[in-house]
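Contents: one structure, followed by commentary.
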Amino acid sequence: MSYLLRMKLLVLATFLQLLAVIHGIPHSNGFYYNSIDNGNHNINEIYFNGVQLTVQTPSNTIFAYRGSNVTLPCRYRYTPELTTPRKIRVKWSKLRADSTKERDVLVAIGLRHRSFREFKGRVHLRQDAQREVSLVIKDLRLEDYGKYKCEVIDGLEDESGIVELELRGVVFPYQPAHGRYQLNFHDAKKACEEQDAVIASFEQLFRAWEEGLDWCNAGWLLDGTVQYPITLPREPCGGRDMAPGVRSYGERHKNLHRYDVFCFSSSLKGKVYYLRHPDKLQYQEAEQACREDGAEIAKVGQLFAAWKFLDLDQCDAGWLADGSVRYPIAFPRLNCGPPEPGVRSFGFPDKNLQKYGVYCYK
Ligand SMILES: *[C@@H]1O[C@H](CO)[C@@H](O)[C@H](O)[C@H]1NC(C)=O
């Protein structure tokens, strides 16, 4: 470029930048004027770029299991392609389900990066391919599902894409020992956590309904609504005339209203098994027997996960940590309950009077 032309462009660029500032012209239309600082701090080099930055993320949902490592793909490019190295910043954040607010996950400049809160030490950037800024999350937790935003910032330009992560899991209705419709929203959240699970989102319940979940008691969901999934319309569950679907009572008062809850769990690191033992046991004996076997008495969420992901199948009722008695059937057969697979429940028998087997977890 000739010196004169360059000067002209410089003046034009400065003038347009000034205009943009005065008129508040957004710079996200893909064409912009930029001061390139490639680390040598040569800020005299102002170029007229006409370059568009694009961020690419997959449009399909990424599925993963609890405890696994997952990569959320993200790449960016310039049109026309630039050959000079660029100094960019990358920011990954997680969108909250209930609002437009975001939580920082990771920010990176060059090779340095910083991660935040529950993601500390569990995330890093993957930059194997050119212009790749994928996010790797290690040791996935139940609450990691959701929408993630990949943001690439190059000078004034700032573009982003969304990646949706969903955990493969199992949704189960939960009702505590003291009976039906006893939990307000906060109790409901806690009840799921005590079963090694989290309160289910609407999307998780909907997916479970698509897979055949049918439950006639209403339960809390993460968004503060109360709903129940019906596959086979029938009289006591809203009537025969209503179409199958997830039926909603809408949002309920989180402190005052009481229902059951839908919990969500995913695959397990450990193993759930029915303890081989010569005798049937009372609850406390059952707890003790698991301990003597180097394990602990299993939680409801763990039994559901083992049934769903490992086809745990045992036609023997056993105690669980919450004092309920259940058994998992992956392959339905005579004398093992209904013709569908499922975790069968005997409710909460008397801990001191009744005797059963036990499910342990280690
Ligand atoms: C996840 O990645 C770490 C290394 O970053 C590795 O040690 C671990 O085994 C991986 N976990 C799984 C489930 O693959």
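Each residue, glycine too, has its Cβ placed from N, Cα and C.
Among the features that TrEMBL reports, disulfide bond is placed at C216-C237, C315-C336. Residues or ranges marked as domain 'Ig-like' in TrEMBL: 52-168. The annotation domain 'Link' is assigned in TrEMBL to 170-265, 270-362. TrEMBL lists 1-24 with the feature signal peptide.
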Helix, strand and coil totals (DSSP H, G, I; E, B; other) for the domain 'Ig-like' (52-168): 6 helix, 64 strand, 47 coil
DSSP three-state assignment for C216 (disulfide bond): coil
Rounded mean pLDDT for the residues that make up the domain 'Ig-like' (52-168): 92
Chain-internal residues, separated by at least six, CB under 8 A from C237 (disulfide bond): C216, Y228, I230
The domain 'Link' (270-362), counted residue by residue under DSSP: helix, strand, coil: 21 helix, 23 strand, 49 coil
Proximal but sequence-remote residues of the same chain as C315 (disulfide bond) (Cβ under 8 Å, at least 6 apart): Y327, I329, R333, N335, C336
